[in-house]
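Feature annotations, reproduced from TrEMBL:
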type     : residues  : note
DOMAIN   : B:23-560  : domain 'Cytochrome oxidase subunit I profile'
TRANSMEM : B:40-62   : transmembrane segment
TRANSMEM : B:82-110  : transmembrane segment
TRANSMEM : B:130-152 : transmembrane segment
TRANSMEM : B:172-193 : transmembrane segment
TRANSMEM : B:214-242 : transmembrane segment
TRANSMEM : B:284-300 : transmembrane segment
TRANSMEM : B:312-334 : transmembrane segment
TRANSMEM : B:340-364 : transmembrane segment
TRANSMEM : B:376-399 : transmembrane segment
TRANSMEM : B:411-434 : transmembrane segment
TRANSMEM : B:454-476 : transmembrane segment
TRANSMEM : B:496-520 : transmembrane segment
REGION   : B:573-592 : region 'Disordered'
COMPBIAS : B:577-592 : compositional bias 'Polar residues'
């Protein structure tokens, strides 16, 4: 569970930093009438949707961290045989990363009012997202054909379960992305649609980061890294 | 630093009302059923939670009948008994307490107490309720499924939870339970995002964090915790589902069932326990923190005194929330662990007692020389303090590894957690319902019925759970369907068990009076007016009671003071609402 505790420590640090800005030491009973609202005032405060997505990503982060914790704890058993990683996963990673790049391009274009470029980038991102999912299914097929079945070994089970869970999150992202594409059909792309694009981009970058961590985990580099840390610490 | 006392008449020019994109219902269906109004969703959450809670109450009756009069009721066999235990525990902890505090009170109070029109994502909020209802229905359906509900105990420990020796293990029971939990967690996440972001972004002008009522602090912190802790249960459920349905070996060791070697091998049941309790212990505080918050407000309002040590109360809530994530393994002392781990978890567990005790002192000091009105919310709040102290003290026993090991499987533990996490939060829920019912319906609950309800519930709960500590100390084991003959348990223990059962039946029955009161008072209750308790917080300052959709009419309130300006010396009345700018220069600073 140490991975989870590290994740929580990060969340706690963010929460602590935020609380430290909230005048937690003030004496509210002495402050009548005066207000010390640290929130940005005026017509355009931070969009609630952005904060909402941030909190949601923390929850998703907790979810994957717990899966990773479980992976490490189960790994300690003697019956553990690592699953070989299909080469295809490299291609999939590249596809997911280009999807992320496309969404970033869409966001930048929308902010600079180059609407057509933005729309094209969004469609490209959607196609790349679908391609990633198809690629993942092919990677699964490759493994099952080679005899690495779900129940064969706990490492296989974890691989299928966690990549499946990641895939479900990508599917959710694709649904949101499709809705965003529909919202950008209006001319010109309005502020609301631009916000949706920004949110999609953030989500995609996050899921890319999660995937890279997972890929490192399954390939065993995460292990080497942790061994290294352990050696340094002891 | 901005002084908002501008304008000539002392009152501030109100915040320009932004174009709030409020969803406006067009038909009866969208107004009362598929509503996106947090207040309606709150009532839906609360009604569903109370309804399923009544099922769990009846289950506890059935268990008590077996324990008090073993063998007299033929339909309660060992399998059913374990199914009753499991469903009672799971329903009470998750589907009643969590859903009622966060989904019910959270939805109703967060927008109103913060001066917001609604939650920030009303559509997700609506979905949250419907997923919760679906989760409840899936759970209830397991009573009618082949093999009945799961009897694995509310902790659902593998490997027994998915084996044929446990009711529902190889049937539908465990699958429906896991599916229901997964649905609940997805639904809760949608609601939880709303509660957190509304507190972060939806507060009225002038409502700084340190001006929020403690109720909101409690619900907010508990929601943050729940958002981080429920994923652990989610992961555990998904992995157990894989083990049960697809034959993987996450939790399942090599095992022989009915003389047959199963496919599983190498899995770790302890892994499940870690995941489960990583959720399970924060869950205790997910229930307790909203209760702490609500009880602080009830005591302050009905003792007509500002809460003692507001800042410490806030810090204590935050510290308890953070600490509760590093104590989970104290539920696993008897699973065997490195003694240093045991030492670590015992220490963190006992440290939590510090901020918690601080809160208790502050409640008592708030009461000290207050103008205590012994009305129903206050009675329940007082009942909570006493009960919580009792339950907390036995918690100190169990937090110690050496004391926990012999007591772990006895009735002492049952008594402890029912006091601290069953009776205490339920008393707060009752108090809160008596307190806020006038805002929800515009009418007061009947006082006589309420008094009967309080005294029978409070005294009865003590008659039930106090003797149970004693039973535990003399060694009566928990989870046993039937004790049989033992050398060390005296015959008088059976008499005590009969007594407990009879009291439990009475206490359960008196809840019907409460439910009747809830329904009867909607039409026949005394008219409450807008602010019957003369309270300071914003929900009592709405232009209409019950508040309409959008809560505040045309203009959002502006907050000028903290939530606890009761009995300010020199003020014309003994309370000053949070949205009242004057009387000028009348603060505690000048007064004292």
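Note that Cβ sites are derived from N, Cα and C of the backbone, with glycine treated the same way.
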Two-stretch contact, the transmembrane segment (B:340-364) and the transmembrane segment (B:284-300), at least three Cβ pairs under 8 Å: yes
Tertiary contacts of the transmembrane segment (B:40-62), as residues 6+ beyond its ends and Cβ separation under 8 Å: 31-32, 73, 76, 80, 84, 87-88, 91-92, 95-96, 99-100, 103-108, 125-126, 128-129, 132-133, 136, 139-140, 440, 504-505, 508, 511, 515
Other parts of the chain folded back onto the transmembrane segment (B:496-520), taken as Cβ under 8 Å at six or more residues beyond its ends: 50, 54, 57-58, 60-61, 64-65, 67-69, 430, 433, 437, 445-446, 449-450, 452-453, 456-457, 460-461, 463-464, 467-468, 470-471
Per Cβ pairs under 8 Å, the stretch of B:130-152, B:284-300, B:312-334, B:454-476 packing most closely against the transmembrane segment (B:172-193): B:130-152
Interface present between the transmembrane segment (B:312-334) and the transmembrane segment (B:214-242) (three or more C-beta pairs under 8 A): yes
Any contact, the transmembrane segment (B:376-399) to the transmembrane segment (B:284-300), with at least 3 Cβ pairs under 8 A: yes
Outside the transmembrane segment (B:130-152), six or more residues from its ends: residues with CB under 8 Å to it: 34, 44-45, 48, 52, 55, 79-83, 85-87, 90-91, 95, 99, 103, 160-161, 166-174, 176-177, 179-181, 183-184, 186-188, 190-191
